[in-house]
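Data block below; observations after.
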């Protein structure tokens, strides 16, 4: 018999042996979770810590699933130290888990299999309605009434907007509040702009002219590659990019709060034709709509772009944050600076839409054995000092963002602050040490109510001290606006959800075609064609629905 | 070498063949060398692009960072075990089935073929399958890596198409000699079908090696995370970050994002072991087999 | 009587099949109850026996405004894969088996399936670099004066099919050729000796001995490939496609994913999947019949 056959046979045999061997050790294998099991017996004496938190007799356990895609390894690494701190100082055993699978899918599997934790964070409205219908999550209103003084206080009149028609509260909002920091805007390469004498930019046409002058002066980078006046990448939201013409998140609002989609407005057409002009004159990066962030970053960091429209951090991440490291002669005004302008006819530019309602919700499921204790802790995290602790992490360490002396007295860690201002803060490292923002169950993203100044984001607390952020803020602060009431949710029961997706698909493809037209006539024709198609698909119904929801939400606030 | 003259057309063919295959080789190898160069380059520098075959600023940081994760080795262990157990069991059982459905006089032959063929086209979907695994206690266990993938209809068809070509008379005479069917399978069919077993071995091993979805789905506790799961995480981090709506958070995320070089290194780390193992299997389908020798 | 006799003769085979049959019933057939949601408006968590809506999900699919577009894209992409991607590994295997130098052969063979291990995320990023408006390809084309303005390969729909087919081919050809190499390796060497004695040249040997010997494998894989005609890829489209190319890259799977799973409508996705399966199986059965009739080969 052949030798080859016996080789194969041996391999199989070996693996069967391996298999039986693995049965033995698999159960003893340690998990990726960082928690050391909580000590459930604590001193019987009631203890209040320096944050004013009354330590529970029995360790409060909050092991929650956060319905966001995340890298579990990184999450565990980041939360370990903070977990131990909270267990020791608060007698709260809190642990977050996220997975790198589609969180929607995971939530559905949890729901059907009945295998879900006591607390789930980051659920959206349609998921809440699904879980509510199955009776798997509990009404939090009575608990908040009893144990949630801070929740009531901090949410204030907003609290009512989270209740359903029966006055029940199914989830606590995450990240509500108003953070007056720009997201989206126009950028310009600062040193080049200064070089041509920094002419004033008040309108889109000014921006166009300035960029055109810049590329005339810098037609290529030092490798001889073409320089483009304007770029964006595949993440760009045309709805935001039309804010320069006074549209709010892609919609025009009239005096009676009726909303009209940009396709049905003159402003929308003007805006698209404006961008088309860049394209047809060869001033726009032809890959603008294709490039994913990573590929775009290469072009950007190779100094081939003079102007950019998009989120502010993109130009930081792909610009001077790379140049600082790779350019030996780096000077600080080699960077992009954010600026705003508006079309002459627009009353105002609306660029950074802020939804103060919060991103999503944290729910407590019917598995919770001790919902009161959980709410008590969440209530603490909502208080200004609680938000600081959760947002900035462990205090009083060399790596800490802040120091806490007790009795509500606190200060920032000056060393870390300076490192941040110098642009040298290694977030990954410090966050592993202090665990900042690891457990975001319920707290505001906006300004804290006690000083109306600090925010849960450590790096967003020093706008006034940080030269370039201050410049950005001064330039574009008027373009930030509250669009909370414009929020709509397209749940899966809503018959318009599909229509909405269809129109979105059409518009996403269509607007690119308009901008990439070879002539103004063609662009105009493509625009009209797109508008007619969208209206035929049901854009008008969507406008009407959005208007109705908008008016409903406005009435809720009054 | 030989004094016999080889027709010029054949010689021309040899030259063209080598040329074509060389070009093909370059086309398939380039990206790998590109990734290798990237993985050996400094992270910040690589973000500026322009790296093709050689690193510009040499650095081993990406690999250091990768192997800093002590669980990576553990993951490698689970992957190797999964490949060993999953592939050998699947090969043995699927091969047995392939033999059974190749026995010409067996009345259940067509029934079994159709029974399995249907499974290639219909499945109950994610939710019922998940619930079944929960009910069988296969979640959070190593066994979910090999039991549900024990038999593949596709492999069965491929193997049986090979086995059917084997001389049936050989098996018939073994039967007359009193050999059991299992014995015929192990002693005759297996050794005579080595090339196809080797090919399916590669397909199955690679599938096991590359799979990650069932790992995160059924073993979400992380106790049995395989190598591919860790590496995929690094690879898809950008994509995951793009779902975040909050721009402040995004800035921090992208600041601490694993660099391009690390992602290149992950591809190298996943591919290298297979590249090293493959040559050992190649002999099974390079030389060719002489059935006569088995018969004898 | 006859049955009994037959059964006793086949007893061993049935005994060996029994656990295998149990396995397939449990792991493959039992979960199929989940297919009923194709006829419902199912919301995860609710009972599997409520909310029947009959064939509404199927009807909805045919009434999609983009129905013809996605059918066209699916079929064109599949056909291209079938036309080019199917014969390519056979050709590669044949070319490889004609190489005399063992080292060269082994090297090329090992390299040939490297692309299979490179995930689509990475492939996409490489393609964007090569095919970008200032990628190597455009640079060469401009330098040789074949074009005067860079072509937006990934930005214009009309190039998408070609790029996708090439990428699929590049990624899979080596890996798919393994099965043919194994089939070629299984050919009895005596046959070649006999062929040579009969005066067959190299092409003659390939034509009269190699190809007929691997015909069964080719036919089998072709029939199975026909059954997968409605699977035109998924990840590739999501990663290589952009809004610009949607009219060319959207296929059944990507469409259903977005309108089904992502919008929380599982029933819709299941209904379309069921339909695809039925069509696939029908094609396989038909092809199998034809093959049995005209080529005397069948897979069941």
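Note: Cβ is positioned from N, Cα and C throughout, glycine not excepted.
Residues or ranges marked as domain 'ABC transmembrane type-1' by TrEMBL: B:76-281.
TrEMBL lists B:12-33 (among others) with the feature transmembrane segment. Residues 53, 268, 271 of the same chain lie 6 or more positions beyond the ends of the transmembrane segment (B:12-33) yet place their CB under 8 Å from a CB of it.
Panel annotation: around the transmembrane segment (B:80-102), residues 108-109, 112-113, 116, 142, 145-146, 149-152, 155-157, 159-160, 163-164, 181-182, 184-185, 189-190, 193, 197, 200-201, 204-205, 208-209, 226 of the same chain, lying at least six beyond its termini, place a Cβ under 8 Å from a Cβ of the stretch. What TrEMBL records for B:80-102 (among others) is transmembrane segment.
Tertiary neighbourhood of the transmembrane segment (B:114-133): same-chain residues 97, 139, 144, 148, 151, 153-154, 156-157, 217-218, selected by CB-CB distance under 8 Å and a gap of 6+ residues from either end. Under the heading transmembrane segment, TrEMBL lists B:114-133 (among others).
Sequence annotations record features per position, and here TrEMBL assigns transmembrane segment to B:145-163 (among others). Residues 82, 85-86, 89-90, 93-95, 97-99, 101-102, 113, 116-117, 119-120, 133, 138, 189, 193, 195-197, 199-200, 203-204, 207-208, 214-215, 224 of the same chain lie 6 or more positions beyond the ends of the transmembrane segment (B:145-163) yet place their CB under 8 Å from a CB of it.
If you look up TrEMBL, you'll see B:184-206 (among others) marked as transmembrane segment. A Cβ distance under 8 Å defines the sequence-distant neighbours of the transmembrane segment (B:184-206), meaning residues of its chain 6+ beyond its ends; these are 83, 86-87, 90-91, 94-96, 99, 152, 155, 158-159, 162-163, 166, 170-171, 174-175, 274, 277-278, 281, 284-285, 289, 291, 294.
Positions annotated as transmembrane segment by TrEMBL: B:260-281 (among others).
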